[in-house]
Amino acid sequence: MGLRIHFVVDPHGWCCMGLIVFVWLYNIVLIPKIVLFPHYEEGHIPGILIIIFYGISIFCLVALVRASITDPGRLPENPKIPHGEREFWELCNKCNLMRPKRSHHCSRCGHCVRRMDHHCPWINNCVGEDNHWLFLQLCFYTELLTCYALMFSFCHYYYFLPLKKRNLDLFVFRHELAIMRLAAFMGITMLVGITGLFYTQLIGIITDTTSIEKMSNCCEDISRPRKPWQQTFSEVFGTRWKILWFIPFRQRQPLRVPYHFANHV
């Protein structure tokens with residue numbers, strides 16, 4: 001299965017994603033500079049905590065980049081529909097193309113996406129069948145990284161021993177309080193927003209319902225049999241191996257194939 005790169009030309013989305021990258025860079029540069037490395041050098045924390053911080057940061061960035069550039073499940077212009085599966089397809093009244101049921105036409109991107117959940121400006125891309133798992137990983141690692149950074153910011157002032165060796169000639173130490181206050185504000189704001197989003201995403205997967213279906217009061221779930229949560233998560237992540245649900249470096253293998261899209265997934 002080849003990786004399909006997908007770019008959305010949207011200045012609003014670029015600004016939103018740029019803000020996310022700025023927050024990530026702000027924390028990945030300043031938190032270690034002000035908190036982690038000084039306390040490590042004075043023996044207050046073990047080095048493994050710094051490795052964990054950078055590990056979570058890398059996973060978060062990889063999930064962000066891949067969720068942004070991975071094709072969410074754009075439908076081809078002339079799909080081949082097997083005769084036995086035509087009942088599972090419908091005609092889009094906006095682009096006049098045949099699409100599998102539960103697909104949706106994204107007005108911002110201008111095409112239909114398989115099992116589209118929503119269009120997310122923060123990744124400048126749709127969240128659909130092929131990149132939903134990356135979006136979930138992004139939510140998870142963003143929340144984990146935010147909690148980690150807030151925890152160290154709190155411990156820096158209220159738990160760790162005061163630093164004895166600080167070069168006050170450096171900008172970051174002269175303006176430490178302002179920098180840490182801004183980091184705490186961004187962290188709390190990010191944590192509140194991402195927690196609500198992550199919760200709704202998990203509920204949607206457990207109930208096998210997309211955000212668009214919830215907003216449109218779709219009644220398909222009445223006729224659709226309820227699946228075990230392990231099955232719905234396995235379909236989203238493309239594997240039944242739960243440990244792989246947390247790895248953003250791999251390729252997703254589709255488990256949900258009610259229609260023939262092996263070379264489009």
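We count from 1, first residue shown onward.
Cβ coordinates are placed from backbone N, Cα and C, and glycine is handled just like the others.
The topological domain 'Cytoplasmic' annotation in Swiss-Prot covers 1-16 (among others). Summarised as a single figure, the pLDDT of the topological domain 'Cytoplasmic' (1-16) averages 78.
Counting same-chain residues at least six beyond the ends of the transmembrane segment (17-37), those with a Cβ under 8 angstroms from any Cβ of the stretch are 45, 49-50, 53-54, 57, 60-61, 64, 68, 121-124, 145, 149, 152-153, 155-156, 172-173, 176, 179-180, 182-183, 186-187, 190. The transmembrane segment annotation in Swiss-Prot covers 17-37 (among others) and is backed by sequence analysis.
What Swiss-Prot records for 38-44 (among others) is topological domain 'Extracellular'. Here the topological domain 'Extracellular' (38-44) is broken down by DSSP into helix, strand and coil counts: 4 helix, 0 strand, 3 coil.
Positions annotated as transmembrane segment by Swiss-Prot, on the basis of sequence analysis: 45-65 (among others).
Residues annotated as topological domain 'Cytoplasmic' in Swiss-Prot: 66-133 (among others).
The domain 'DHHC' annotation in Swiss-Prot covers 90-140 and rests on sequence analysis.
As annotated by Swiss-Prot, transmembrane segment applies to 134-154 (among others), with the evidence given as sequence analysis.
Among the features that Swiss-Prot reports, topological domain 'Extracellular' is placed at 155-185 (among others).
As annotated by Swiss-Prot, transmembrane segment applies to 186-206 (among others), with the evidence given as sequence analysis.
For 207-265 (among others), the entry in Swiss-Prot reads topological domain 'Cytoplasmic', with the evidence type a curator's inference.
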So how many of the residues in the topological domain 'Extracellular' (155-185) end up helix, strand or coil by DSSP? 18 helix, 0 strand, 13 coil
